[in-house]
């Protein structure tokens, strides 16, 4: 018994003697970890600011010489039209692809009048139909061209925020077919030539809806999340061939799709957004944690940083905030539709 008492006394002594040391080590580890966390967050934020406001992007000339070709899908309106105009101004010939032939003709005339040395080709095709013959026509149109740039801009969203269970089947099909299949099939036509030439730019329009789950825009959000993953994987595949792949993470822009007409600090017009995008190619902007991706417009970049680096973009809280916002938008849209219907019937 005395032997056990001696052991107990010894153990008690060890606990008494070593506990303060362990507390000191624990405190030091926590201090170092906390300091590292703060420093890394500050460093990341400084990288974001530098990328958004200081560092220039890659020159378009690095993807192909003046006189080579750029393909712009969804080219007849909004961002697509602005991409076509600004790339034409840089001296690239343009292939315009969109649904409405009359709008493509008007844009062709505008480009020709502003930039007489720039050649244009156009193809009217409805991406929602996903016809093999349309893609064969596009393949034939570009097969002998030095395509240096592809702007995957074609896209479709919901007409108004809508619960998934109430989404019309044709709207579901159109969103997936246009946003996903259309982008993939056009890109697949362009990649072999770029790989052979060992240069090129594939720029795909993404959305914050692909970063943050967007209730009442579930199908659109899912399609953009798909493009986010696909583009990142493609970027890794094509980097060894000298091809730059970039997905542009965009918030709201004044356009027919967003149905927003008034600009603000958070909502630029297409001209300002495209200018920022083309001047920041290769920079992550506000998306430092996303490879082969960028949020180049300054205010969008800051919001993207908050959503992805400060807040968990997949959190239930953020999804619920989006849900509340879209429910409010839906209510206003339905009330507006009711008023318009009442006017028509009166």
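Cβ coordinates are placed from backbone N, Cα and C, and glycine is handled just like the others.
Nonlocal intrachain contacts for the transmembrane segment (26-46), taken as residues 6+ away from its ends with a CB within less than 8 angstroms of a stretch CB, comprise 288, 305, 309. Residues or ranges marked as transmembrane segment in Swiss-Prot: 26-46.
Annotation comment: Swiss-Prot describes 71, 126, 134, 153, 220, 224, 253, 255 as NADP(+) binding site, evidence class similarity to another entry. Taking Cβ-Cβ distances under 8 Å and a sequence gap of 6 or more within the same chain, the neighbours of residue 153 (NADP(+) binding site) are 72, 73, 74, 75, 79, 80, 83, 205.
What Swiss-Prot lists as active site, proton donor is 220. Residue 220 (NADP(+) binding site) counts 25 other C-beta atoms within 10 Å of its own C-beta, drawing on all protein chains shown.
Sequence annotations record features per position, and here Swiss-Prot assigns active site, lowers pKa of active site Tyr to 224. Look at residue 224 (NADP(+) binding site): DSSP puts it in a helix.
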Please give me the CB contact count at 10 A for residue 253 (NADP(+) binding site), counting all chains in the structure. 23
Largest pairwise Cα distance, Å, within the listed NADP(+) binders 71, 126, 134, 153, 220, 224, 253, 255? 29
Under 8 Å by Cβ from residue 255 (NADP(+) binding site), counting only residues of that chain that are 6 or more apart: 77, 78, 79, 270
Residues that sit under 8 angstroms from residue 134 (NADP(+) binding site) by C-beta distance, when 6+ apart in the chain: 123, 125, 126
